[in-house]
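Visitor: So Swiss-Prot lists these for the protein:
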{"type": "BINDING", "residues": "Cys51, His73, Glu74, Cys180", "note": "Zn(2+) 1 binding site"}
{"type": "BINDING", "residues": "His52, Gly205, Ala206, Gly207, Cys208, Val209, Gly210, Asp229, Ile298, Gly299, Val300", "note": "NAD(+) binding site"}
{"type": "BINDING", "residues": "Cys103, Cys106, Cys109, Cys117", "note": "Zn(2+) 2 binding site"}
Amino acid sequence: MRHVLNKEQLLMVKQAAIAWAAAEPLSVENVEVAPPKAHEVRIKILHTGVCHTDAYTLSGKDPEGAFPVILGHEGAGIVESVGEGVTNVKVGDYVIALYTPECGECKFCRSGKTNLCGKIRATQGRGVMPDGTTRFKARGKDLLHFMGCSTFSEYTVVADISVVAVTPSCPTDRSCLLGCGITTGYGAATVTANITEGSNVAVFGAGCVGLSIVQGAVKKKAGKIIVVDINDGKEAWAYKFGATHFLNPARLRKTVQDELIDMTDGGCDYTFDCTGNVSVMRAALEACHKGWGESIVIGVAAAGQEITTRPFQLVTGRVWRGCAFGGVKGRSQLPGLVEDYLNGDLKIDEFITHRETLANINTAFEQMKQGDCIRCVVDMVVS
């Protein structure tokens with residue numbers, strides 16, 4: 001029988017990195033973490049990645065960004081306590097937080113056409129739990145949640161549909177990276193695009209997501225895998241993950257789309273944008289083969305940005321589409337990727353270029369701006 005404690009006994013005071021305002025450094029300080037309510041889970045976060053989406057929101061350019069907030073959405077840890085009605089995880093489970101929940105009941109989940117879930121989208125977008133309140137407080141003020149995860153805290157509270165149990169055999173400094181970047185790219189190639197064998201592929205942007213697409217393209221036995229990046233330092237990384245070619249658009253005498261068309265006998269079968277640059281998105285579409293080429297948009301553009309192309313590009317058979325979390329369903333499919341890693345079929349270790357502690361989390365944001373950083377993992381255990 002589960003021992004039920006009262007709210008005062010369950011209230012925790014722990015360390016977290018708080019974003020009090022846009023474009024300001026995170027402040028590592030004590031926060032109150034309330035107990036989980038019905039259908040909620042409190043997690044002890046052991047490791048978290050730092051993603052460009054966190055930096056985007058912190059910059060103030062995110063139209064849904066609100067402050068004060070605890071950022072972070074790429075985390076793994078151990079279930080510390082559960083609220084009433086939670087059946088999918090239990091205390092002691094090793095878990096990954098999910099910014100794309102999976103309820104299995106809403107029209108999105110039942111459609112079989114998407115990994116998006118609508119059950120808590122409205123409240124998650126406002127930075128609160130499904131009941132409209134928050135579980136964080138500091139300096140006497142409520143703190144907002146971020147993407148339903150808030151992994152920049154020693155302890156966090158998430159909805160039960162926003163967490164998945166995985167094998168404890170996988171270290172959390174690896175499994176955390178499956179909470180966003182690696183899964184987003186790998187899934188874009190293997191699930192959303194479902195690349196066919198022998199296809200020619202171009203990947204725009206060679207960060208964590210782009211390199212994960214390369215990894216997925218290799219898995220699907222693509223033909224030419226062409227990585228496009230303006231940073232020559234990414235060339236070695238591209239080849240490390242299985243690319244067959246590397247292009248720096250700044251060094252070309254023609255447009256990158258024309259170069260890709262020439263390299264692939266009329267255009268790529270699949271292209272992927274991981275940059276968030278709307279001009280690059282257009283180039284990626286126009287590099288697709290007439291009649292069947294697909295371009296998948298993954299990068300998030302700044303607020304107010306719009307994509308454009310000549311309608312004839314679409315009339316003649318090219319397809320523009322997008323995906324979140326690579327089209328992967330978090331609760332039903334993510335554990336399989338953890339097993340793939342443990343079996344040696346999915347690279348994770350190779351993405352980790354930097355490590356930091358919670359106290360130095362702002363350094364991780366600075367490192368992310370450098371061309372040699374693929375992923376920084378933050379150790380969330382405070383001694």
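Heads up, the Cβ atoms here are built off N, Cα and C, so glycines get one too.
Keep in mind that what you see is a predicted model, and the values were worked out from it rather than measured.
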Visitor: Spatially speaking, which of the binding-site residues Glu74, Ala206, Cys208 is closest to Cys103 (Zn(2+) 2 binding site)? Use C-alpha to C-alpha, please.
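Guide: Nearest in space to Cys103 (Zn(2+) 2 binding site), counting only the binding-site residues, is Glu74.
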Visitor: Measure from the Cα of Cys208 (NAD(+) binding site) to the Cα of every one of the binding-site residues Cys51, Glu74, Cys109, Cys117, then give the nearest.
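Guide: When the Cα distances are compared, Cys51 comes out closest.
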Visitor: Determine, to the nearest whole angstrom, how far the Cα atom of Gly210 (NAD(+) binding site) is from the Cα atom of Cys117 (Zn(2+) 2 binding site).
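Guide: Pair distance, Cα basis, whole Å: 25 Å.
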Visitor: Including all protein chains displayed, how many Cβ atoms other than that of Cys103 (Zn(2+) 2 binding site) lie within 10 Å of its Cβ?
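Guide: Its Cβ has 17 other Cβ atoms within 10 Å.
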Visitor: What Cα-Cα separation, expressed in whole Å, is found between Cys106 (Zn(2+) 2 binding site) and His73 (Zn(2+) 1 binding site)?
Guide: 23
Visitor: Would you mind pulling the DSSP three-state label for Cys117 (Zn(2+) 2 binding site)?
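Guide: Going by the DSSP assignment, Cys117 (Zn(2+) 2 binding site) belongs to neither helix nor strand, so it counts as coil.
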Visitor: Take the Cβ of His52 (NAD(+) binding site) and count every other Cβ within 10 Å, whichever protein chain it belongs to.
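Guide: Result for His52 (NAD(+) binding site): 19 neighbouring Cβ atoms inside 10 Å.
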Visitor: Using all protein chains in view, find how many other C-beta atoms are within 10 Å of the C-beta of His73 (Zn(2+) 1 binding site).
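Guide: So the Cβ neighbour count for His73 (Zn(2+) 1 binding site) comes to 25.
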Visitor: Using Cβ atoms only, which residues of the same chain lie under 8 Å from Ala206 (NAD(+) binding site) while being at least 6 residues apart in sequence?
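Guide: Listed in sequence order: Val214, Val227, Val228, Asp229, Asn231, Lys234, Trp237, Ala238.
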Visitor: In sequence order, which residues at least six apart in the same chain have a CB under 8 Å from the CB of Cys117 (Zn(2+) 2 binding site)?
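Guide: In sequence order, Thr100, Pro101, Glu102, Cys103, Cys106, Phe108, Cys109, Ile161 meet the Cβ cut-off.
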Visitor: What is the number of other Cβ atoms found within 10 Å of the Cβ of Cys106 (Zn(2+) 2 binding site)?
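Guide: Step by step: centre on the Cβ of Cys106 (Zn(2+) 2 binding site), count other Cβ atoms within 10 Å, giving 17.
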Visitor: Quick one, of the binding-site residues Cys51, Cys109, Cys208, Ile298, Val300, which Cβ has the fewest other Cβ within 10 Å?
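Guide: Relative to the other binding-site residues in Cys51, Cys109, Cys208, Ile298, Val300, Val300 has the fewest Cβ atoms within 10 Å.
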Visitor: Quick check for the class: what is the C-alpha distance, in angstrom and rounded, between Ile298 (NAD(+) binding site) and His73 (Zn(2+) 1 binding site)?
Guide: 17
Visitor: Whole number in angstrom, please: the longest C-alpha to C-alpha distance across His52, Gly205, Ala206, Gly207, Cys208, Val209, Gly210, Asp229, Ile298, Gly299, Val300 for NAD(+).
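Guide: Greatest Cα separation within the listed binding residues comes to 17 Å.
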Visitor: Would you kindly give the Cα-Cα distance separating Val300 (NAD(+) binding site) and Glu74 (Zn(2+) 1 binding site), rounded to the nearest Å?
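Guide: Per the Cα atoms, Glu74 (Zn(2+) 1 binding site) and Val300 (NAD(+) binding site) stand 17 Å apart.
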